[in-house]
């Protein structure tokens, strides 16, 4: 730490380390430093002159312009200031220079300028009290923080609460939130907000409202435990730890509360400008209410206990209203009125007790009433008292008369006490000795103290009782799964006068600080270990000596309790004991120089001087026994229960989790010792620490910014004092000693890429790039460490890198400016040079002219001009004559050409008219063929893609085989090298052999006897070894025989090559392990004695047995692991096969769905033959692929061949090894004498096993098998991904086909609409010209038949038996053509009459035929002939009409024009008239077919008479349930959407409603409507999260509602109906009530529909709109400190803007496919766009790191994408764009200039959609990305705020994302005729009959 920080004892770190940190950069000119200041603590200064080592003075330039020579010590230079870019960070640990001034400045910038009250300091949340209500705690803020990572959002108490809740839910571990700080810092409010957060995010599904009860406990505890102090109007005067219990679903089930050290002295004494507890003032404010009359209370000024502070009212607080709220919370917790009144009785009694007047009687006695003093016979009284008259002359007794003290009387009445006894024992005390009992009077001060002690005792019992009852109300029956504890406890306190309460408070803070230090140290260590950073022990201040001074044996507390046990113990005696025990013996304890009544303790935060006065009394906390006996005998049950002996304690933590203490609790056997306040507090503190140690702590440090309670005023001295006291600076110190700055590799690469060279950027590995760059930029490698995922920097290194980056950017700017300025100067020079040349040219020309002009020259010039005039005139006249002649000639030819062209054009037009009628028919057919061809192309494209995919897969597999071949070749080369190595080893062994022979002959004689014994022993060992080898070989063969291992070898030859070799070596180990000549080399291989020089050649001693046993165990364990891996691999293969089958089933189902789609369009399949050529080409490709597939088998054969070669080579190597080992064994036998037995025995130790596995071959083999398994898993996963991609592709094809079918349906609906309009017009004209309709009947019949065929709705099956019905329908539909024929063909009436007679005859004949069919079935042949004749007559009539139309051109053109107008773009009348010949010929063939059909039908039943469809569906009452089941509950929307008209189920339901209406059956209609509505509700309830189902039934509900309106008979809904539709209106019932019910159902469906869309799109809004960088190259990162962001820069799985657009497109296409009304679609899109804008803007408000100019550009770009999407979908008029206006203005505000007054005015005028609070929030949160951007100054913010004060807008910061726009369902009449609707067979509604 730096010198200024080292003034504090806790920051006394190593000076050398400090110097290294400071001098890591040179203190150069223009650098900024911090120097101490008496007022601001620290102030900034700029170095005016470079510092050189050895200088004693540093020349500084202050911010006010003054220069200062600052004296310095070379070992303690002033701390450097951070770059401006790092100022205002969310996390203090993100600062490069970590020291006290940097922390203080960062907090000042955030709090005073940016108005941000929360800041992180590592794991601590620093909360500054703003003394102002801020709009940052609403439910919208809670939902914004819910589910977010702690580093993704701005610091907030909700972020800490969310982190605790998330860790509890994820890890199933208990959590604690420790909120501390001094009085007035905001602890209570912070704890309350944390509890409110838990209650909001963990709402339970039960009706118990547990969350409300938990929150309701806060107002009660604040009323009885909070009071006004000089520092805080609502100061908690007790510590509170609240455990909020959660079940397994992480929902609140209950809570428990534990309290600590209630300030009981406040009941009887308050300092100036302070108040008693709030509940007393609330009770006095409500005294006049009838329910409190019996308490006989008055105003607070009337009572001694409430008026002592002189301030009974708090500004802005209504005590009476608070009383009502307190009573409300009592009731919410289940406390009845009787209980509340009992509590209020005790509180009132305490107030009355405080008003009891005690009067002094002499110097040693007192009384409660002077008027009732009566002295009786002293002797008798003394005798009663058991004392002599001489010794007890002063003994007096008092009694209360009827006119006695009124307050005492009320006190006794309220508590049910005997007044005389209370009066007596308030002024007397009983002393019991071994021999006698003495009643001793008390002086007035003693009596007053006894009265106050009694009041404090009663209130303390009442407080504990209320807390106990609250815990009972919050108890839960179930089992607690986890809990989160919220600790609201007093912070470190030091006042002018510190007493027992401050001593206990500071003792508790010492314990908490110790726990905090250990936790911070633990987190640092875990971070280093996780990143594999070398861990060095960090020196941090341990306050255990202070704790020992207080609580250890013979410590301060124990000496205090000991003194309390003495009858005559005093504060002075206790203090003297402290002096004797600790002065000059303990450095943490001091005696003040000027006082003998105080002592000083050096706490972790500061030195505190305690006054010993009152320590013993407060520690005893005793009430005289006689008063306790009186209260114990009270008639008031609650009061009596307070003072019962040994009451059964009800543990408030009966269901809490058991925790284990880290240290044993110190307990004493003395009963009285345990009953003191100090011992109780120590025990409760131990329990608290046990609980905290068993949980994961989260720290909130509340800071009081100033003592005047001014909003956003920053008092540096007060804040520094609190920072030192609450441990924030200790955290900073610990971080500064290690590596405080931590960047991920991606963040470092993105931020400092500008510092990298081109060569460095060419590396693919970003970690390697970062390593190289850091090695180049920072020469001292100790200044940084490279972890697994992060780079750790020492303090100051990030600032150094920022300086380098800024210098590089500045250098680049200078280069750019140089070139631009040079270009501008060159451009200016060239322009000036050119101007100078022009001026020179003209000037020189003028001079030349002046010199050359003379009289002769002027005459010659004039003559030349005259000659030129005549010459030019002649030439121009000749040119004119030539042009005139040419022009006349051109005009003649041109006019002739134009006349001829006009003639040809008229001729072409005449012919074109004839061609058009045929061309249009051809085009119609061509359009139909194109549609069909398009569908076929889609199918073929899909097949081609599948074949291409198969080809790619085949290529990949071929590539894999090639790689395997390469690896096999490499393995073979490795084997060859191994053979060569073995040969060289054999040669070396032969060379050494001769040396060993000579040595062997020398030692042979001495070891012959030993050799005989060893050979015998070796033979036994060899037999055992061979048995073990056989077992090992059997296991090895079993492992080799497993199919899975060979399969893994085939798939991963390279991976398993080494493990296989190691297994072979393992077998060699086992094979030669007991041979005399085999040894283990240091490399782990098998070699001979010649290789080693001194080999292990003999196996003797018992230690060899141990080695062999360990070797066997290791081998067995290895093969067990191998078998386990094999079983896991087999299970994995089985699971993969199952998954493969599932995927294949899904593929088959999708293929079946595609086939079903194809089957629905089988009428288009006859053109498939035209595409056979393409199919043949594909077959050719398939053939080529099959040929390539054949080559795979060849590759497989080659692989097998290579594998066999490899096996042969391995066998050859094995044989050579065996031969070499045999030779070595022979040599070894000859050299046995050269080794000492003791030496061999020492070498055959337990370490032989380690030598065997020295290089880890055995484990390499094991790891190899595991790698093989991983290869299989990756292979299975890749195949799974392939299947999933294939499924996605098939789904896309299905969706595409669905869209095409929808398009075809749309075209079909358009044609139907056009034909429907034709029928409407014809019907209208028919009604006007009914008289003239008969003569034109034959013509109309022909035209009607043609139009009916053109509509595609000619029903041939019903033509013959219902011929008359068809004619009547056609007559109603085509009257418009009759009118046209009437107006233009009057001359044709005679011929038309003949045609009419023919048509009448035709009708008569047809009628005779129908009667004949009904009467006799035998004459069908004659009927057929008559129909043939009729067809011929119709054909002749058509030919006759054709001739008439050809002769009458005007009639023909008018008919053609009218027909074209009626059919819009599909048909024209002229084409239909030309097609009638072909149609009639087709009719002849169709009549034959239909005749046969009628004959077959007549065999089943006789045909009834011709009927007209009425648009009704007949059903039976018993089929109603089946109708609802099939049509609503079981209906799948996708099939209906693809194949049928929109709203088809709604139309079918209405047709059934019409049927019930026609029957005039009210019960049937009511039942149907109720069943329909209930069915819709049920299907929606069952599919609440199914977007497609909700969209489908929203559409059908609206269609059904529109049908009920359209056919209701009301005029306002009948405006657009056709006459025929008007006939279909309901006749008997008014269904307006049901329309209202359906409207309500539609609204509910719409709301759920919107909720589903919002739930789907909301998770991708913030990543896509804010975090995703759609504009690449303009982003930047800053240090984020301890709490890193969760997202990564190159996170490929992150959502993008494309994800949002795709989701919107899916919603839109689904709504359109389901036939949802366009107006409803627009409203839904508007709601979605509002959600996108609101969520993005809310997140922007809560993320300071996003408030930058570059992020504004990103947001603006994303908004433009949304606007383009709206334009593409033609939704510009949906008002969706307007909902993005607040976000658009926020993006503009981030980009606009923010410095001058005009900028402020522009912001005021432009940002009309943002509230004043939101604008100020964005300005305060604006954060520059680099030093080229400037922060928004506070003065500019104030200017904008002054302009915004005139606005009257909302004070809420967040937008309500749950807001729903009002929905309106437009009335859109159905264009479909009910009589034309047919029921698909897929609906399974065969029981319905069309009427």
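Keep in mind that glycine also has a Cβ here, set from the backbone N, Cα and C atoms.
Under the heading domain 'Myosin N-terminal SH3-like', TrEMBL lists 28-82.
Taking Cβ-Cβ distances under 8 Å and a sequence separation of 6 or more, the neighbours of residue 185 (ATP binding site) in its chain are 127, 129, 491, 702, 703, 704, 722. Summarising the annotation, TrEMBL assigns ATP binding site to 181, 182, 183, 184, 185, 186, 187, 188.
Taken from TrEMBL, the feature coiled coil applies to 937-1038 (among others).
For the coiled coil (1097-1230), the mean pLDDT of the prediction comes to 66. Per TrEMBL, the feature coiled coil maps to 1097-1230 (among others).
If you look up TrEMBL, you'll see 1280-1307 (among others) marked as coiled coil.
The annotation coiled coil is assigned in TrEMBL to 1360-1425 (among others).
Feature annotation from TrEMBL assigns coiled coil to 1466-1500 (among others).
Under the heading domain 'Dilute', TrEMBL lists 1570-1846.
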Within 8 Å of the Cβ centroid of the ATP site residues 181, 182, 183, 184, 185, 186, 187, 188, which other residues of the same chain have their Cβ? 129, 231, 232, 235, 236, 491, 702, 704
Among the binding-site residues 181, 184, the one whose Cβ has the most other Cβ atoms within 10 Å is 181
Far apart in sequence but close in space: which same-chain residues, 6 or more away, have a Cβ under 8 Å from residue 188 (ATP binding site)? 222, 226, 234, 235, 236, 488
Mind checking how the domain 'Myosin N-terminal SH3-like' (28-82) divides into helix, strand and coil residues in DSSP? 0 helix, 27 strand, 28 coil
The answer, for which of the binding-site residues 182, 183, 186, 187 has its Cβ ringed by the most other Cβ atoms inside 10 Å, is 187
